[in-house]
Amino acid sequence: MDFSTNGSEESELYHAQIHLYKHVYNFVSSMALKSAMELGIADAIHNHGKPMTLPELSSSLKLHPSKVNILYRFLRLLTHNGFFAKTTVKSNEGEEETAYVLTPSSKLLVSGKSTCLSSLVKGALHPSSLDMWGVSKKWFHEDKEQTLFECATGENYWDFLNKDSDSLSMFQDAMAADSRLFKLAIQENKHVFEGLESLVDVAGGTGGVAKLIHEAFPHIKCTVFDQPQVVGNLTGNENLNFVGGDMFKSVPSADAVLLKWVLHDWNDELSLKILKNSKEAISHKGKDGKVIIIDISIDENSDDRGLTELQLEYDVVMLTMFLGKERTKKEWEKLIYDAGFSRYKITPICGFKSLIEVYP
């Protein structure tokens, strides 16, 4: 190899090296975050009620004295990444000491809060989600339609969850945690639900989203529709009930059908079935309702590169776990029109997701 380069080429080479190394070692930041969550660092600082010094934090976490410097170095990385912030406090002797406080991001890891997303972090970084990448080369070369997860484990993710109660509970907790943040979207987009008398939350799990909608709009009769083994033992009330069934066969009738975090699990063929069944469900009593989709709408030309990167990463997650996909506006439009709908409206919500209203 010829290492004779001019200044411009040297600079380009160094920047390329930094870019490569950064992506190679991105996993360190993820695992440091997981360690912080498992140690309960955010909980410790929150419960302390004020900025926390390194010795105070180490003592609260009951760490061995030899690990104090290791904790410092983890905190240095996590602080650089925006999960904690540093401030200065006075010690009992009047000397200034560095102390740590929570940031908006680490507040999402505080246990017991309605906005806590610890279960999502735990699920995304669980060995079952990471180990599959070891067979990616085999997956690319084999002539078989299966997920990367199935290639690695011999079973699809849904079957894995149904056999592993701990993983199923973790998955349901993660979905419920994500749904709790949906409350903000409801408050900011009340007009979407105004005028509705009934709504079906398809694949609504244990009813977290339906309950939020019911709280905000008590007059709306909400039905949570999911697999019988998911909703079979759940109890509702006069305006909130649970129905078991198969969304690929039919969907209960209502003024509106909600598909939150559903269609990205499935390829276009299966998503088309769900949408057609949803269209039939809202066409009753001589009037047409609407389908409300909560999902990602990828904008590859967005000025927010971080947002687009997250959306594209989610797309690869859906691909490797479920053979699903995150869709661009053009892909959403084709899917919606192929299902027989006449118009739609996309509204960005919840940071990186979109609310898509679809009409017959």
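Keep in mind that glycine also has a Cβ here, set from the backbone N, Cα and C atoms.
A strand conformation is recorded for V202 (S-adenosyl-L-methionine binding site) in the three-state DSSP classification. What Swiss-Prot records for V202, A203, G204, G205, D226, Q227, D246, M247, K260 is S-adenosyl-L-methionine binding site, and it gives sequence analysis as the kind of evidence.
Annotation comment: Swiss-Prot describes H264 as active site, proton acceptor. Around H264 (active site, proton acceptor), a 10 Å sphere centred on its CB holds 22 further CB atoms from the protein chains shown. DSSP gives H264 (active site, proton acceptor) a helix state.
Residue pair D246 (S-adenosyl-L-methionine binding site) / H264 (active site, proton acceptor) shows a Cα separation of 17 Å. Recorded residues D226 (S-adenosyl-L-methionine binding site) and H264 (active site, proton acceptor) have their alpha carbons 16 Å apart, per Cα-Cα distance. Comparing local CB density within 10 A for the binding-site residues D226, D246, the maximum falls on D226. In sequence order, F225, D226, M247, V251, V257, L258, L259, V262, I274, S278 make up the list of same-chain residues 6 or more apart from V202 (S-adenosyl-L-methionine binding site) whose Cβ falls under 8 Å from its Cβ. The maximum pairwise C-alpha distance among V202, A203, G204, G205, D226, Q227, D246, M247, K260, the residues recorded as binding S-adenosyl-L-methionine, is 16 Å.
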